Amino acid sequence: QVVYFTATFPYVMLIILLIRGVMLPGATEGIIFYLKPDISRLADPQVWMDAGTQILFSYAICQGCLTALGSYNKYTNNCYRDCIMLCFLNSATSFVAGFAIFSVLGFMAREQGVPIAEVAESGPGLAFIAYPTAVTMMPVSQLWSCLFFLMLVFLGLDSQFVCVESMVTAIIDMFPRVFRKKGRRELLILAIAVKCYLLGLLLVTEGGMYIFQLFDYYAASGTCLLFLSIFEVISVGWVYGANRFYDNIEDMIGFRPWPLIKICWLAFTPGLCLAVFLFSLIKYTPLKYNNSYVYPPWGYMVGWMMALSSMLCVPLHAIFMLLKTKGPLKQ
């Protein structure tokens, strides 16, 4: 019931900020800047890599979130319809949010007399520096600032709800005898929340931004998800079998999905993920905070340890199960 409010409230705030943003002077220039494509950027492989990783994060793919939430559905639930609705709603939300953001950035650029490209930042700078600065230039700035940061808080809460739920579901399924007892699930959630809170305190210290950038660049990078996506799609399409998976879906929803999806499982998706992953490794450069601060060697070592802690879990667990299970490898 809490999610019903926290999930819909950001949409209400987004619409309010969108209506207010398009009424500002300079909003038209910001929207034109947002919609006008730069075709030359398509030749930049980095653009395609950023787009691929954005899709993984935006749809929460290869993070276990969709799998955990889907496990609570009925067996006959139309997952095919849910996937189409998820893709449409997520893409539409991102597209509409662009209007709300760039209309305000266009207003900010006009007020400061600078090009829009100079005020349009990426990453945390957009949410916590550029957009709040633009909001302070608007009439009744206190109201719009409160609405904007309330929206960010609820968006963060929704993300944490899903991430914690996926982790809790996975742990309970792995150790059912321990946690499927009265009160154990609640204690597990409390332990995870306390641990995440204590680790999060590191990010609000004086050097917290350096830790955040290290964590964001290595542990939360799209490279880790791309690596996991390769194993996941190969496991479904080739190890478990695309035809068997098709039969399972047909048994659930009553019809077979579009045949092109099978081609994606077998060839297109693993090939694309592998290509983007290899490109990210080839183009890898050590992190520099603000393109100036160079981390010490032990800092980069910590970053790679955080990245490998998630990347190696899947292949190591697969090897462990192969060695543990009796019978020949083919079986």
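Along the chain as shown, residues are numbered 1 onward.
Glycine too: its Cβ is placed from the backbone N, Cα and C atoms.
Same-site candidate for Na(+) binding, as annotated by TrEMBL with N90, L155, D158, S159, chosen from S58, S71, S103, S141: S58. Sequence-distant contacts of the transmembrane segment (129-157), counting only residues of its own chain at least 6 positions beyond either end whose CB sits under 8 Å from a CB of the stretch, comprise 6, 9-10, 13-14, 16-17, 20, 24, 101, 104-105, 107-108, 111, 119-121.
For the transmembrane segment (55-72), the neighbouring stretch richest in Cβ pairs under 8 Å, chosen from 12-35, 84-109, 218-242, 263-282, 302-323, is 218-242.
Where the transmembrane segment (302-323) meets the stretches 12-35, 84-109, 187-212, 218-242, 263-282, the count of C-beta pairs under 8 angstroms peaks at 218-242.
Within 10 Å of the C-beta atom of D158 (Na(+) binding site) sit 16 other C-beta atoms, taking all shown protein chains into account.
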